[in-house]
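Taken straight from TrEMBL:
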TRANSMEM  B:12-36  transmembrane segment
DOMAIN    B:66-277  domain 'ABC transmembrane type-1'
TRANSMEM  B:70-89  transmembrane segment
TRANSMEM  B:95-116  transmembrane segment
TRANSMEM  B:151-175  transmembrane segment
TRANSMEM  B:196-218  transmembrane segment
TRANSMEM  B:259-280  transmembrane segment
Amino acid sequence: MARITLDNLAHSYSPSPKAEADWALKPMSLTWRDGGAYALLGSSGCGKTTLLNIISGLLRPSRGRVLFGDRDVTDLPTAGRNIAQVFQFPVVYDTMTVRQNLAFPLKNRDLPAAQIAARVEAVARMIGMEDTLDRRARGLTADAKQKISLGRGMVRQDVNAILFDEPLTVIDPQMKWELRTQLKALHREFGHTMIYVTHDQTEALTFADEVVVMSEGRVVQAGTPQSLFDAPAHTFVGYFIGSPGMNLLDAEVQGTTARVAGTTIPLGRAYQAPRGRVQIGIRPDAVRPSAEGLPFRLIRAEDVGHHRILRGEVAGAPFNLVVPEDQPIPATFDRVALDPTRIGVFVDDWRIEPLERAA
Amino acid sequence: MDKPVNNRAWFLVLPVLVLVAFSAVIPLMTVVNYSVQDTFGNNQFFWNGLGWFQEVLESDRIHAALGRQLLFSAIILAIEIPLGIFIALNMPKRGFWASLVLVLMALPLLIPWNVVGTIWQVFGRVDIGLLGHTLAALGIDYNYVNDPFDAWATIIVMDVWHWTSLVALLCYAGLQSIPDAYYQAARIDQASRWGVFRFIELPKMQGVLLIAVLLRFMDSFMIYTEPFVVTGGGPGNATTFLSIDLVKMAIGQFDLGPAAAFSLIYFLVILLISWVFYTVMTAQKDTP
């Protein structure tokens, strides 16, 4: 096991990249702590899988280095890295039985038979397939096959890291929850470094201690689920995390106030007059219906059980409110009040810090 | 839901029945008809029961030809299937070279049988052929006209040259359909090259290999034109395969009765062996 460091890493699938768009991964430096549970979150095509394949050695990065501990493994083939990876779609060895499938990675490392048998039993119990161990893998359903793939990923105990590439896509929802819990338990028990790629924020936020959010080949923020929610570093993070996402409004910021569509609202802190495209962002649960504040036009209300979502517009931009169940909603209201302490200011999509931190 | 029953629907399959009757059933029945009769010319036929079948089944000459035929098919399969798989594994997967190699591989398949025979007949001649002359110049005593072993070697090499491409192209298609994730998973699992072949490539090629084996078996078991052009069945009877013997009997001697019985037995043997191949090669697929 080792700490994994990505040092100035970049990758392009084209042999002679010219434009910015030719780079599947833009230059990044990132450290994955030994034994951490990470989620790599981003929409499809943002470079998550590319990054994963570079870590496991299936792909050689165009630039930069990959380090395991202090060892440079950039040119080391997959076999030399001792990493487990589970893919999005099930990969099983058709002609083998379930037992042989699970034992395959151990057999290739010439482990003693008794040890292999014990590990296979343990993993089979984990994925709930003890009864089908002697079935041939060919005839099984897609989710059974994916469980075998997961099992093969977890069967080696001495791996440097286990990488999951959207492994639960083909699994039905009930099983999904169960397997995710299993993975967490496994992580707690053995302390493997785990990197879990997903585009589903619920999956990412429940699995990981730390979430790395990617967008268009760039790491936009890495942090705990809470920090991503409270202080998104980029409008993409604000919008992508949370349901519904963060409300963003074009604004003019001056000192401790912001002007949105002719209305001045207070900010919790002072900001230097920023240049560029300035937006303020606020989570839907930090807004409440009010008699004064920003003019709001309600379009529809959704009751989702423990809270209600009010969807509408402020100054032509979509704007949502989340109102707790026990809090009454006025019969008519045309303004919303924003909690000043929870407003973030973004310039050209990136969050800027206030001048001095309020205590 | 009840399906309406209308017997007039049978008329709809009538055209197919008529076509199949004229293309297959009636010619085959003619052969069956000949096989149970004897004739001395003048279109006069006499009932002979199963006499011809008995004669064919007891003929030492035909037994020897069958033996040669089985040996020939066995050698052809033993060379062309592994060689075809090996070539397919080493063909470039994409890009300019892949297209070029595909065209080159397909070339032998486009050449008519008797032209292939003629090419090798000339190629192997000791006096003017490039191969024969070169071998003679190297001091190797090669002569496919006089030496049975050389005749066999020539025909086998010719068939390998002509048909290995088919096996290679079929296997290539099978290999191309394997998703990258399988190879990636094998690398993660630290499988050896042999492991990748044994547990990923071979199982995924099973379907196309079945087709390749059946096609190559049937074709080699029925081979006629190429050995006929190169050796004419000689020296002696060394390369007289079943079809060459059959044509001699039917057209050379005009023994219609025995030739018809021979044809039917020949047909049944091919059917039987193909069925055995099919059963054995698909058996594994169905076991849980």
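We number each residue from 1, going along the chain as drawn.
Every residue gets a Cβ built from N, Cα and C, even glycine.
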- Message: Pairs 6 or more apart in sequence, C-beta under 8 angstroms, 3 or more of them: is that satisfied by the transmembrane segment (B:12-36) and the transmembrane segment (B:259-280)?
- Response: yes
- Sequence-remote partners of the transmembrane segment (B:196-218) [C-beta within less than 8 Å, at least six residues beyond its ends]: 73, 76-77, 80-81, 84-85, 89, 163, 166-167, 170-171, 173-175, 177-178, 182-183, 186, 270, 273-274, 277-278, 281-282, 284-285
- Message: How about long-range neighbours of the transmembrane segment (B:70-89): same chain, 6 or more residues beyond its ends, C-beta under 8 Å?
- Response: 105, 152, 155-156, 159-160, 163-172, 174-175, 197, 201, 205, 209, 212-213, 216-217, 220-221, 223, 241
